[in-house]
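Record features (Swiss-Prot):
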| type | residues | note |
| --- | --- | --- |
| BINDING | 216, 262, 489, 534 | L-aspartate binding site |
| BINDING | 262, 263, 264, 271, 527, 579, 580, 581, 582 | ATP binding site |
| REGION | 240-243 | region 'Aspartate' |
| SITE | 75 | site 'Important for tRNA non-discrimination' |
| SITE | 125 | site 'Important for tRNA non-discrimination' |
């Protein structure tokens, strides 16, 4: 009985689920028979090449390919198939009138196909420069449909599919050339890192996933213990104390690609679980770690991107904040922040005078060609500054002939406006944007505006990678909400030597001036890695915990094991952690971490594919001694009603 399209063929739509067909069109009563025959084919003929690996050097060779049907084109006497696997696509030519390739009549998108054939060079005029295998095609000798596919919810090659749909069917999206390339790059980076660090004397050591709750700023993911009722593990936010314990243990060069977990609000470049390239070294100083990591960076960029990275410049935290308003500046473009204090002091403009009297700042930037901004565009920029925390935004526009207009024209003379405009870096045809507020708020607002202008005005060269070390971070920062000093990085970061005694002596007057032996590696406005020299003396670590407001009881409960370890000959040590996901994101030139993770979460920390997190039954909760709160019960009830 010939196999033809029609009612019988629609098994792939679920109408004849118990019927399948062999290549000769025979109806088989069970899928088990088909599976056995398919596996016999796979056992007899092993794949010899990936689809995307073929080129003219293989012309004339017999090959066996296995993959998915990307596109099928029926030309009557011949059927053309674009066969896809993780390495790419190749065109396969089949004759549907031959028994060995008769099944080509029945192929549809995403069917799994095995092909034995001969590689042929395409004739001139028939080559496809859009794909890397475009100079060749495979002339099929025989083929086998290894499995059928339901009609997919979207074409794998379609780049305009709603992201939520792609995440729900992530296994289909992962077949795309885009995501295949990203995951292959990720693998290459992991292999490079392991090879480089191993060659430089590092040992890869795995640390526990079930560990003690030692909060590092974000909330912990907690895991109840069944065998120890009322007790909890925490999924580690980082292996911080563990890698320091390895230094105490004598493993003086450690690394791992560590899984980390943080229960925090998400952004485009954040996930609740993530990977970091974690390393620690003993008997070193800050320069040693920075030098080692520059070498690693150069190795990665040379081998993955073919780019030679030169010397990486350095900038202090204070300079980064003053010039760019942020501690991870994108230095691919200018539009730097300028200080207007000397110009506007005593100007009589109450807004500026009041801010300066409170110890605030008045600073501005110049938007290139912003002199043509409409009132609506300026209102949009003002709203943007307000969302960043600023009270408002002053603008000064210049026409092409240099004529100025401003939102504060009635408060300043034309000469003073011109002076302010020029101080912001403005030229004819530009627009100066000025913020007056406390230091942190003004920096945040101007940084937000600067990055917006960089993107909107196409000031950023996306083909460039601009690296930067940011150093000399504050050790501490004051939290108005908590009314106490908190660690800028984490409580294990060492102060610079000149501040160590102030820390031990609880010299509160020096807290705001203390600098840390900390360093961040920045690329294109992203913090790619961050680290520090660690506190390695017990009395300094205890002083840090006291400064942070931790009682002796709390310190012992959370970190008693670590303080005890510091008593037993701890060497000077330090380290760094790179965000693996962010690193690959930059290398793949995408702006979303979800694009470089196989199975990512959404911005609400959910997995649409597996529908998790999900409700568990009450027996499971009872086993681990957990009972849902009234709020959680109400949430579940509301979900069931919706």
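Backbone N, Cα and C atoms are what each Cβ position is placed from, and that goes for glycine too.
Everything Swiss-Prot records as a feature, shown here on the structure.
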| residue | record | contacts (Cβ under 8 Å, 6+ apart) |
| --- | --- | --- |
| 75 | site 'Important for tRNA non-discrimination' | none |
| 125 | site 'Important for tRNA non-discrimination' | none |
| 262 | L-aspartate binding site | 218, 219, 221, 237, 272, 274 |
| 264 | ATP binding site | 218, 219, 270, 272 |
| 489 | L-aspartate binding site | 473, 516, 518, 530, 532 |
| 527 | ATP binding site | 328, 520, 521, 579, 582 |
| 534 | L-aspartate binding site | 244, 247, 492, 493, 494, 573, 574, 575 |
| 580 | ATP binding site | 186, 189, 190, 257, 274, 275, 276, 277 |
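Among residues of the same chain six or more beyond the region 'Aspartate' (240-243), those with a C-beta under 8 A of the stretch's C-beta atoms are 207-208, 211, 214, 216, 254, 278-280, 490, 492, 559, 562, 575. Summarised by DSSP class, the composition of the region 'Aspartate' (240-243) is 4 helix, 0 strand, 0 coil.
DSSP assigns residue 489 (L-aspartate binding site) to coil in the three-state reduction, outside any helix or strand. Under the three-state DSSP scheme, residue 527 (ATP binding site) falls in the strand class. Mapped onto three states, the DSSP output places residue 580 (ATP binding site) in helix.
In three-state terms derived from DSSP, residue 262 (L-aspartate binding site) belongs to neither a helical nor a strand segment and is classed as coil. Take the CB of residue 582 (ATP binding site) and look out to 10 A: across all protein chains shown you find 21 other CB atoms. Mapped onto three states, the DSSP output places residue 534 (L-aspartate binding site) in strand. Take 262, 263, 264, 271, 527, 579, 580, 581, 582, the residues named in the record as contacts for ATP: the widest Cα to Cα gap among them comes to 19 Å. Here the region 'Aspartate' (240-243) has a mean pLDDT of 97 out of 100.
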